[in-house]
């Protein structure tokens with residue numbers, strides 16, 4: 001008997017830390033150093049795969065699933081020495097525990113991102129598409145389960161297996177779909193909005209069905225146990241709504257915009273998440289259900305939800321969540337799929353899953369009068385799987401509902417259906433096919449009919465840009481005539497790899513529509529600023545949101561400008577002013593965005609160097625008193641700057657000074673002078689003279705406009721002229737003056753996107769508090785003086 005006990009005794013538990021290799025300990029025999037090695041290995045492999053798959057626009061979940069499979073017995077795990085050293089069986093409890101803690105908090109984030117109010121506003125068409133995307137694949141999943149039970153899954157418990165298969169077939173991964181739509185620039189299209197709404201409904205239905213499947217798989221004794229689990233689960237949801245929702249609402253009300261959220265609220269919320277996980281696990285559902293329910297109950301308005309996400313997101317999504325994929329990969333052994341029958345079942349499962357989702361969605365979409373191409377696109381988008389799919393499969397594996405072979409087949413099905421989504425959607429729904437290139441007349445501010453409506457696309461990265469932007473808009477509205485100025489305020493939001501990027505999806509509206517809706521109370525101070533300005537002034541402001549990666553953010557800007565037929569895009573400079581007045585770089589990749597816009601813009605472009613035009617707050621129309629200086633050297637860009645300045649001078653609070661700077665041709669010195677006898681420059685000079693003559697003719701009618709001419713010999717005299725007018729509020733200059741190619745200030749200009757004069761005015765050598773707007777007039781020939789831009793500017 002004694003020998004028998006010794007033979008079957010469990011291995012001794014691993015100690016946490018070792019004494020070190022120098023004292024004879026192998027670190028891999030201890031829990032802490034081993035889990036550190038496992039985490040590092042998982043992170044390095046999944047990030048490397050994500051980098052390799054980035055050109056294919058694949059979501060990161062694909063890299064993490066593949067990485068998990070590679071680490072498991074399917075590939076690297078074939079080497080038994082590696083598997084026993086790096087992922088020994090006795091270490092898997094620690095790995096699974098950490099992975100599940102990360103999963104609990106990730107599901108809390110998913111719950112925060114789920115807006116129940118948006119589900120209640122779902123229309124009949126979206127609801128019909130969502131129901132078809134659930135019921136058809138669910139039915140086919142149940143049908144496939146009978147085939148699997150008669151072949152490779154003999155002996156499994158029937159009802160739980162049927163429901164697990166149905167849920168696995170019917171899931172649409174809401175977070176993965178959001179990222180795919182953002183990558184493909186489909187978020188604000190009709191297809192994108194339909195897909196997001198239908199996926200949200202699908203997600204909620206999948207969680208309910210999964211809860212049912214878990215409840216059924218929990219019982220080994222009596223069907224009444226499953227019924228009791230379901231009743232207790234419903235009781236938990238009702239109790240959470242009654243107890244936690246008012247508490248979270250109270251916390252959200254006490255969290256003020258612009259102030260840090262009380263740490264006590266954060267810690268209490270995290271403790272509540274873990275407690276909810278404990279309760280649902282005790283009930284017999286799963287700990288992640290409690291976390292998800294609490295996330296859904298957190299109010300979405302105000303800074304409270306954002307603070308929760310910010311505190312937990314990077315650690316969970318970046319560190320712990322990949323461990324869940326590694327844990328899944330260690331359970332996935334592709335080698336179990338062997339023989340013609342197994343591979344035939346894999347093909348059958350993939351075909352059935354795709355057929356149910358795609359065909360079911362297409363048929364109902366066509367019945368709802370959605371065009372053919374949009375219906376096909378919607379079908380493939382709804383076919384994407386992701387983390388929730390793996391959660392379903394892992395729970396099924398842990399509950400002994402899915403065996404090794406069925407589990408491997410289902411994981412490969414999830415991987416395949418998600419992988420094909422992006423390339424197929426790009427083929428059948430190319431962005432170039434969605435909208436034709438809209439050609440329009442007024443692509444510049446300089447035009448024959450100066451009384452026509454001026455349309456401007458003003459871009460901003462953060463709230464710091466807004467006061468100056470609003471004050472510039474106020475100065476640009478001219479005489480205040482109705483319909484004189486229409487401004488589209490484009491909020492440039494970076495789509496990062498963080499999971500909470502999905503929160504931005506909820507804020508995205510169709511271009512041209514405001515951030516806010518009637519009857520909705522929103523404390524967002526961006527909205528308040530625009531609403532207040534729009535009510536006080538005769539200016540139509542239409543806020544928009546762009547959600548894209550830095551590498552293609554310029555595409556959103558140029559596409560928006562073209563679709564709104566604007567005459568000028570105004571971009572913030574990539575440097576901002578410090579407290580001491582010096583300019584420092586915000587982010588280098590904003591600079592590449594500006595340069596790409598200059599190269600591809602369908603209209604004129606202005607880059608605003610912000611030194612606080614009008615101060616840190618909005619200036620009311622009656623208090624506007626700005627002095628604007630135009631340094632005019634000559635050329636199309638300078639004429640565009642002058643046309644904009646003349647428009648601004650119509651405002652009663654604007655004083656305009658135009659300085660025409662000419663150079664003595666023989667004084668080249670520090671200045672590289674162009675050949676003034678060439679035909680193109682002769683024509684440009686004639687146009688300059690004509691424009692200035694017309695401008696000069698109107699000066700006697702308006703005492704607020706002054707005109708001067710200055711003759712200079714070298715760079716030092718240009719600096720002196722600029723210094724003389726440094727007390728103004730705003731400089732307006734052209735990006736590439738034709739009278740001067742490049743003033744040689746300290747060798748060369750560090751910022752070719754703002755040209756030589758813009759670089760001078762942005763230089764710390766010039767003592768001024770004036771903001772600067774550097775203007776490039778639209779031309780059929782893009783500028784050739786900008787440097788080559790890195791392939792991936794986001795990496796800088």
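Any Cβ shown, glycine's included, is placed from N, Cα and C.
Those TrEMBL annotations? Automatic predictions, nothing curated.
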| field | Annotated transmembrane segment segment (source TrEMBL; candidates 343-364, 365-386, 431-452) | value | 343-364
| message | If I go by TrEMBL, the feature transmembrane segment sits on one of 61-77, 78-94. Which? | response | 61-77
| What same-chain residues lie close to the transmembrane segment (343-364): Cβ under 8 Å, and 6 or more beyond its ends? | 128-129, 131-133, 135-141, 143-144, 147-148, 151-152, 168-170, 172, 198, 337, 375-376, 378-380, 382-383, 409-410, 412-413, 416-417
| Model confidence over the domain 'Cation/H(+) antiporter C-terminal' (625-779), averaged pLDDT | 78
| field | Tertiary contacts of the transmembrane segment (224-244), as residues 6+ beyond its ends and Cβ separation under 8 Å | value | 211-212, 214-216, 218, 272, 276, 279-280, 283-285, 289-290, 293-294, 297
| said: Short question: most Cβ pairs under 8 Å with the transmembrane segment (126-148), which of 61-77, 97-114, 160-182, 265-298, 407-429? | reply: 160-182
| field | Same-chain residue ranges lying at least 6 outside the transmembrane segment (61-77) that approach it to Cβ under 8 Å | value | 41-42, 45-47, 49-50, 52-53, 83, 87, 173, 176, 321-322, 325-335, 386-387, 390, 408, 411, 414-415, 418-419
